[in-house]
């Protein structure tokens, strides 16, 4: 370590300069990370919110359909509710897989270069 | 059942409980002593501000996932949802679904960027590229308001349990218990900080999940694990027949109640990612990846729990019956403990032991959530308002932590004072108000801050204060506060806003104000600061 470097601390790490941040933000590599995050997370968010609202609206305005018995006392509403649980679990799993494969390596590369070069 | 018999059944529960009062008090004392031990131990390990606010950032993803679940599964989830399903059948189930789906907003959009770019509070992220003092004041204000709404619900739950268990119906007795809860939470938070609170949450989550699995198992055992039978019996005992299993019993009455259902649904799904006491949990893990994993753990644990609310709620309808439940508490808040009594056997010691256990678990639940809420609001007061607004960033860590401890005492006293007001409201409905306020004031500002380049200080202030004022204002003039037999002030009527949950109006309003404030502001957004925030939030560069 260079003698004039600040002492390492778990809370205070020297941040890269404002110019470095702007430069990285403009870089193609960062644009790719941003695209990879936004093009996955934003449409998926809209999709699950719409799916959830569909459930809320059907409960409100399509009582007859929701009350249709499927087997025993299990009706469409019940299955619809359980389906919301299942899709939530699946989306969480899917996003985490996407993040680990597509986002983490890109983020890690930028981070280590910026912190190493600071 | 004649009215006389019904009253008898409700009294029976209280009597059964009172016979075993020593057991209940022992179980409760064990939990309190154990958690106080943890608190003192954690207090010794708490040396600097990062320890106090963020538990030293050294918790594992699983530990934090458990603690997040502990913070989230409040009296609303346990007592409130069980009661709502037991009385209104399928409509009560909306809470379980909304409370769970909401986690995807936190997972996909908020948890990781927040962990990467913030330090101790929600205000850190909101004020990052804005003028510090006004935005931190706004963030601190909304944090404290949301937390107090949430606290109100927990205190209502505490009061309800006490009257059931100890047969205390006098106001003085209830206030005494609420005061006890308040004093305990002051001790937990001011001594143990985030470290102590996190461990208390983990213990509580294990107890709550354990208790819920036990009751669910016993309920299903009674129906030979045939869920269709359970639902059928619940429908029959409810007196509503098949309608009990269909949406609409509570909210399908007319156009207004249907709008209320949509309002509630939106508030639930958008509220979670704006709850300060949940957001600060993400600072307790080393990095964003661990924050993501803790949300995944939380989704798994919370999802499993909410699936079991089906058995709790419909089980209570089938085995306890709506009459006994409403006799005991008009909003159904005691359905879960009564169910414990009934699955064990009303006249047996086993039933009383189960009732005592589940009640102690519910009490632990309330205490832990109350501690988490108090920590969130006192952190925000000390870090956002005291250190950065009043002292303009010149306060030492010691002074900041001292301010946090004093804020804890103050918030403790406020919530004790408010606790007595909300006894007869369903606690899940009360918590839904906190969700609506969080979704109106905090979520728009968080999302705009993180993802919208042009967002300005004025936009942030308009969305926080706009969302906050409209949400709280509409609640004030809603049937929750006046003009309804179950309202806080049933004897007066100034409820001109017909919906019980303001989300349908206040959430779009919060988003609209953030946009309007931004496009109308004369200041230029700080491009360099946005570059810094964007790079940090997505990569974790320079994360604390």
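Positions of Cβ are set from backbone N, Cα and C atoms, glycine also.
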Do you know which of B:23-43, B:233-253 TrEMBL annotates as transmembrane segment? B:23-43
Between B:502-520, B:521-539, which stretch does TrEMBL give the note transmembrane segment? B:502-520
Surrounding residues of the transmembrane segment (B:138-166) on its own chain - C-beta under 8 Å, 6+ positions past either end: 13-14, 17-18, 21, 24, 74-76, 79-80, 121-123, 126-127, 173-174, 177-178, 181, 274-277, 328-329, 333-334, 337-338, 355-356, 359, 362-363, 366, 369-370, 373-374, 376-377, 380-381, 384-385, 389, 411, 414-416, 418-423, 425, 427-428, 430-431, 433-434, 437-438, 441-442, 445, 460-461, 464-465, 467-468, 472
The transmembrane segment (B:172-191) touching the transmembrane segment (B:403-422) per 3+ Cβ pairs under 8 Å rule: yes
To the transmembrane segment (B:203-221), which of B:23-43, B:172-191, B:261-283, B:295-320, B:428-450 is linked by the most Cβ pairs under 8 Å? B:295-320
